[in-house]
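Chemist: A single structure is presented below for examination.
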There are 2 protein chains.
Amino acid sequence: MATRAIGFIDSGVGGLTVVKEALKQLPNEKIMYLGDTARCPYGPRPVEQVVQFTWEMTNFLVKKNIKMLVIACNTATAVALDEIKAALDIPVVGVILPGSRASLKQTKNNRIGMIGTIGTVNSHSYLNAIKNKSPQTEVIELACPKFVPLVESKSYQTSLAKKVVAETLQPLINQKIDTLILGCTHYPLLRPIVQNVIGDNVTLVDSGAETISDVSMLLDYFDIQAPVSNETPQHEFYTTASTKMFEEIAMDWLPLSDIHVQKISLGEEKRN
Amino acid sequence: MATRAIGFIDSGVGGLTVVKEALKQLPNEKIMYLGDTARCPYGPRPVEQVVQFTWEMTNFLVKKNIKMLVIACNTATAVALDEIKAALDIPVVGVILPGSRASLKQTKNNRIGMIGTIGTVNSHSYLNAIKNKSPQTEVIELACPKFVPLVESKSYQTSLAKKVVAETLQPLINQKIDTLILGCTHYPLLRPIVQNVIGDNVTLVDSGAETISDVSMLLDYFDIQAPVSNETPQHEFYTTASTKMFEEIAMDWLPLSDIHVQKISLGEEKRN
């Protein structure tokens, strides 16, 4: 059990920001990553479709015998976590509760901003999770549908990105938030620009990175952490679209000296 | 399920330092606490006896229908956690893995000190947990058998305490540790004195407080967090010795305006 991989799924490359934190905190763990880039973005899609796509990704990795599944995508977590967690016999972790908990720990004035995809914002998952723990906290949600395409096209350091982020975040300026949840795992790639627009007095919470603390805790709790080894784990990366762009973004973002990405197909498999 | 209490057990008043963090992070949760003060300290006792006493405390709270058990005692965690966790059908959390993880997150030079009871030090539980995750990290362990009696007698702010702590911690001076684990839940009551002796450049890790992050995470994971309510939970405190000293320390340490402690007996119950 312990030597099996931890699976990560995302609509595209966003979940790599979660993997980055895993490589840092859990260097012994083997990672299997699947990004459904061919059907990205998930954000604007109907709930039922996102649930189906998430199951297709899940089934692909479950067949590869993962020991734990991280739904490293906020849109998918919002609509499919409960169902998948109930159905699988391995631990399943989403990114919304860790991000909610971290934002509550961070805020001093109980005014939290949350940016995410249309799907995540419409689910009100962050708002509900936060209000469940702290009813007096205000959560200001904002959908940023233009952010994911910027990241997937590797345009996250361009002047276009700066312009789009500045325009999109306008409704959050003067809202007196002291904490902003990056409620989409693609957004940490835009972090410097977001921080610049929103101001240094607002703390950004990276929900994906926070999730790795939960993963680490659950590895301990279920006693399935990988044994210490002198060999570096051979991570596996899969995408449903071109491997080239995926590799470029992964090499830019992760502290790995090389990376092998395989293209696979989803959609033939039937939902459980 | 959700409205049931979280149980905390300790050899005496030490676990109140864990409860303090629970009151802060989890204000909706009802707490049931049992301190076995009549048989404190556990540290110098044989393993078999500590296991038995821990089962007696566990059974007392399980009969009160707790939804989760926190073994808020390092000595008991070291020898009884695995057995109790395997036997109960509610989540069971100890204080050693959270403290180990937090210390690894904290250290920059990979030299960690660990102070605890004779029992905890002899178990090498912290050393093993840390080496399991990071073999290159050095862990310098030191038993401090005089600390628990200082706390239980409410002498933790006296000049005697200062003298004892300064003498006891001498072997750790000049060991170049940058992190020191308070590997006994009684020790946070001595924290200012310990910090003064060990120096400001050493970060103290409160294993008990770290444990509450795990508790919070598991409440989410198993979806058993208490619902938000306008009523303050009615916490219950039990001790096997005089309620007077327990109340004085609890009122000194916890942000509660009043506290009701009941004296109970253990030992008649048979081990599972």
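Every residue, even glycine, has its Cβ placed from backbone N, Cα and C.
So TrEMBL lists the following for this protein:
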- B:CYS73: active site, proton donor/acceptor (ACT_SITE)
- B:CYS184: active site, proton donor/acceptor (ACT_SITE)
- B:ASP10, B:SER11, B:TYR42, B:GLY43, B:ASN74, B:THR75, B:THR185, B:HIS186: substrate binding site (BINDING)
Chemist: Quick check for the class: what is the C-alpha distance, in angstrom and rounded, between B:ASN74 (substrate binding site) and B:CYS184 (active site, proton donor/acceptor)?
Modeler: 5
Chemist: For the recorded substrate site, enumerate neighbouring residues of the same chain (Cβ within 8 Å of the Cβ centroid of B:ASP10, B:SER11, B:TYR42, B:GLY43, B:ASN74, B:THR75, B:THR185, B:HIS186, site residues themselves excluded), in sequence order.
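Modeler: Neighbours within 8 Å of the Cβ centroid, excluding B:ASP10, B:SER11, B:TYR42, B:GLY43, B:ASN74, B:THR75, B:THR185, B:HIS186: B:GLY12, B:GLY14, B:GLY15, B:CYS40, B:PRO41, B:CYS73, B:ALA76, B:THR117, B:THR120, B:VAL148, B:CYS184.
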Chemist: Could you state the CA-to-CA distance between B:ASP10 (substrate binding site) and B:CYS73 (active site, proton donor/acceptor) to the nearest Å?
Modeler: 5
Chemist: Compute all pairwise C-alpha distances among B:ASP10, B:SER11, B:TYR42, B:GLY43, B:ASN74, B:THR75, B:THR185, B:HIS186, the residues listed as binding substrate, and give the largest one in whole angstrom.
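Modeler: Farthest-apart Cα atoms in B:ASP10, B:SER11, B:TYR42, B:GLY43, B:ASN74, B:THR75, B:THR185, B:HIS186 are separated by 12 Å.
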Chemist: When you measure from the Cβ of B:THR75 (substrate binding site), which residues in the chain that are at least 6 apart have a Cβ under 8 Å away?
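Modeler: Looking at Cβ-Cβ distances below 8 Å from B:THR75 (substrate binding site), excluding near sequence neighbours, one finds B:SER11, B:PRO41, B:TYR42, B:GLY43, B:VAL50, B:GLY116, B:THR117, B:GLY119, B:THR120, B:CYS184.
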Chemist: List the Cα distance (Å, whole number) between B:THR185 (substrate binding site) and B:CYS73 (active site, proton donor/acceptor).
Modeler: 6
Chemist: For each of B:CYS73, B:CYS184, count the other CB atoms within 10 A of its CB; which of these active-site residues has the top count?
Modeler: B:CYS73
Chemist: Counting only residues 6+ away in sequence within the same chain, which have a CB under 8 Å from the CB of B:HIS186 (substrate binding site)?
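Modeler: Those within reach of B:HIS186 (substrate binding site), by Cβ under 8 Å and sequence separation of 6 or more, are B:GLY12, B:VAL13, B:GLY14, B:THR17, B:PHE147, B:VAL148, B:VAL151, B:GLU152.
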Chemist: If you count Cβ atoms within 10 Å of the Cβ of B:SER11 (substrate binding site), leaving out that atom itself, what do you get?
Modeler: 33
